[in-house]
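As annotated by Swiss-Prot, Zn(2+) binding site applies to H24, H26, H208, D293. According to Swiss-Prot, the N(6)-methyl-AMP binding site annotation covers H26, N28, H74, S106, T107, P108, R109, D148, G181, E211, D293, D294, on the basis of similarity to another entry. The active site, proton donor annotation in Swiss-Prot covers E211. If you look up Swiss-Prot, you'll see H232 marked as site 'Important for catalytic activity', on the strength of similarity to another entry.
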Amino acid sequence: MIEAEEQQPCKTDFYSELPKVELHAHLNGSISSHTMKKLIAQKPDLKIHDQMTVIDKGKKRTLEECFQMFQTIHQLTSSPEDILMVTKDVIKEFADDGVKYLELRSTPRRENATGMTKKTYVESILEGIKQSKQENLDIDVRYLIAVDRRGGPLVAKETVKLAEEFFLSTEGTVLGLDLSGDPTVGQAKDFLEPLLEAKKAGLKLALHLSEIPNQKKETQILLDLLPDRIGHGTFLNSGEGGSLDLVDFVRQHRIPLELCLTSNVKSQTVPSYDQHHFGFWYSIAHPSVICTDDKGVFATHLSQEYQLAAETFNLTQSQVWDLSYESINYIFASDSTRSELRKKWNHLKPRVLHI
């Protein structure tokens, strides 16, 4: 019994010292309250206060309300300068939390009022990544260009074209494409053509799917693309719109899942932490990665997500370490990056695990 207790992760510093990989982080949803205050101060005429952009401890919102929050945040990040500042701050915060490899995702946006184009939007993020690298932060950052379902298939095609251009010109910084946005808007079949085009061009696909119940057909259409990773997959294994067929398909193809506990509980797609689908996928040893989704909006950080998973599902420190180490397998960067990260983890292991 005592041994088991010793194995239980008890100190918060274990989680922050743990080297981590973050694979599901939306840029505009990851803005901390510190950065948000700076943005709000620059735009007093908008009359936005920081309580409009965060869901504090113990609070919940509907999924619809969460998407409305993003609209509010977009009003604050309307210029290339805003995007650059936000990118640098978000990267620094992830690095401070022990994240060694980060894939940020964001939808290119045009803002006529400031003259920001979709291209300058992407370039601002890339500049933020570049400047962070020059500051010698201990974090490797990549960018997935996101397709927002609300934009429809024509905008999706434009976004894919942009992603292809940057995929070719950035030497591995732009690695893939994300399909996200309000899951109640649009239909999967409308996005098949642009997504297939992206895949053909060599871009990796991370697709949000099965975020809401009763979407079996929609989910199967997206799964048939054989995405490289699945975002959320909340209802794949549920009686409401999930099915054994879907679970078997995901298992058979070993498609990794990006799982975000606080996000799902606070947006009420999952009733409680102990009912989170991480428990199901982890119990069958399926590739699963703990992620934050929107660390700003949901007032969390990756260390906290690991701690929540460990405490909810009774994971030992060794199991938590393995969960983090195995997440390296599912990054979109090259094999050489994977082996660099594994070296880093192995170097840190004796210090973090206190073996």
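Cβ from N, Cα, C; glycine included.
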Exercise for review: List which of the recorded positions H74, T107, R109, G181, E211 have their Cα within 10 Å of the Cα of D293 (Zn(2+) binding site), in sequence order.
Suggested key: none
**Study point:** Secondary-structure category, per DSSP, in which H74 (N(6)-methyl-AMP binding site) falls
**Key:** helix
Exercise for review: Please compare the recorded positions H24, H74, R109, H208, H232 by how many other CB atoms fall within 10 Å of each one's CB, and tell me which has the fewest.
Suggested key: H74
Point to revise | recorded positions clustered about H26 (Zn(2+) binding site) [Cα within 10 Å; pool: H74, T107, R109, E211, H232] | key: T107
Check your understanding: In the structure shown, with every protein chain counted, which of the recorded positions E211, D293 has the densest set of Cβ atoms within 10 angstroms of its Cβ?
Key -> D293
Check your understanding: Relative to the Cα of H24 (Zn(2+) binding site), which of the recorded positions R109, G181, H232 has the closest Cα?
Key -> H232
Review point. Can you count the other CB atoms that lie within 10 A of the CB of H26 (Zn(2+) binding site)?
Key: 26
Check your understanding: In angstrom units, rounded to an integer, how far apart are the Cα atoms of G181 (N(6)-methyl-AMP binding site) and H208 (Zn(2+) binding site)?
Key -> 8
Point to revise | Where G181 (N(6)-methyl-AMP binding site) sits in the secondary structure, as DSSP reduces it to three classes | key: coil
Review point. Rounded to an integer, what is the Cα-Cα distance in Å between H232 (site 'Important for catalytic activity') and the residue listed as 'active site, proton donor'?
Key: 6
Study note, to complete from the structure: Cβ density check for T107 (N(6)-methyl-AMP binding site), other Cβ within 10 Å (all protein chains) comes to 23
Review point. Relative to the Cα of H208 (Zn(2+) binding site), which of the binding-site residues H74, T107, R109 has the closest Cα?
Key: T107
Review point. Of all the binding-site residues given, namely H74, T107, R109, which is spatially nearest to E211 (active site, proton donor) at the Cα level?
Key: T107
Point to revise | Cβ-Cβ neighbours of G181 (N(6)-methyl-AMP binding site) (radius 10 Å) | key: 18
